[in-house]
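Quick look at what TrEMBL annotates:
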type    : residues                                       : note
BINDING : HIS110, ASP133, HIS135, ASP137, ASP244, ASP246 : Mn(2+) binding site
Amino acid sequence: MSFHSHILHGPSTVMIPVSYSGGQPRKGVEDGPEALVHAGLPKQLESLGWKYEQDNSISWDDIRSMERETKEGEKIHNVEASSKASQLLADVVEKHAKAGKLPLTVGGDHSLGTGTMIGTSRVYPDVATIWVDAHADINTAQTTPSGNLHGCPVSFALGLDGSYIEPYKSWLPAPTKNVHNRIVYIGLRDIDEGERKILKDHKIKAFSMHHIDKFGIGKVVEMALDYINGDTSRRDRPIHLSFDVDAMDPSVAPSTGTPVRGGLTFREGHYICEAVAETGSQPPS
């Protein structure tokens with residue numbers, strides 16, 4: 001089957017390995033990119049007909065050297081290092097998206113979602129994010145119960161009140177109020193109370209595992225796509241897909257620091273990616 005897309009210039013992807021774990025306290029996640037490369041990810045992509053490149057331009061050793069112990073009275077952990085990591089990542093994502101390639105960011109902890117969302121939005125201002133995760137990751141710097149930034153990337157990227165803080169505010173866009181149609185969630189099943197209020201107050205659409213059990217993954221994905229496109233007949237809005245491994249059931253993907261039982265099956269996770277990929281395709285004219 002030949003490649004057709006109304007967004008990408010061709011079947012070309014650039015993997016951006018992000019060896020960073022400072023958004024949460026557990027070590028090991030920084031080894032994820034190298035493990036996936038060694039497991040054969042590049043060859044699998046090439047076997048699907050995609051041109052594969054790898055961007056190693058960011059020195060993650062330098063970023064990790066910025067990590068430090070949280071001082072007494074500080075609520076947020078590793079804010080300087082995490083901000084710099086997302087800032088540099090946003091620039092790299094923007095560069096490759098602008099070239100018409102598909103940036104494939106492989107982490108690394110999910111605090112880096114701020115950088116990938118911002119980088120994509122610089123090239124596609126009308127982009128919508130589909131966030132596949134057991135957690136909403138939308139705590140603000142004020143509501144986070146742990147102070148770990150892997151629970152906050154969405155609030156920073158959307159510019160919610162309480163997350164426009166230094167040093168992030170030196171490079172993030174100004175805060176905005178209208179965010180409900182910029183993101184939709186799939187797979188939620190472990191949400192903090194502060195996050196529930198944020199989702200409700202901003203009228204953000206969220207499909208939990210309950211909805212997947214009730215309607216099936218196919219219907220849930222269709223409802224999510226209908227929502228972000230505003231019309232059942234449209235599938236032309238640019239999509240940023242952020243997929244946390246903890247969205248999967250621990251029986252499928254046990255190697256996560258935040259496992260939650262009752263998650264997506266192997267096939268459900270694949271289907272989400274397939275359905276999103278189909279929205280970027282169009283038949284030959």
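Residue numbers in this text run from 1 along the chain shown.
Glycine is no exception: its Cβ is also placed from the backbone N, Cα and C atoms.
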CB-centroid shell, 8 A cutoff, Mn(2+) site HIS110, ASP133, HIS135, ASP137, ASP244, ASP246, site residues removed: TRP131, ALA134, ALA136, HIS150, ALA247, THR258
Site of maximum Cβ density within 10 Å, from binding-site residues HIS110, HIS135: HIS110
For ASP246 (Mn(2+) binding site): intrachain residues, at least 6 apart, with Cβ closer than 8 Å: ASP133, ALA134, HIS135, ALA253, THR256, THR258, PRO259, VAL260, GLY263
Count of other CB atoms lying within 10 Å of the CB belonging to ASP133 (Mn(2+) binding site): 25
Fewest-neighbour residue among binding-site residues, criterion Cβ within 10 Å, set ASP137, ASP244: ASP244
Reduced DSSP assignment, HIS135 (Mn(2+) binding site): coil
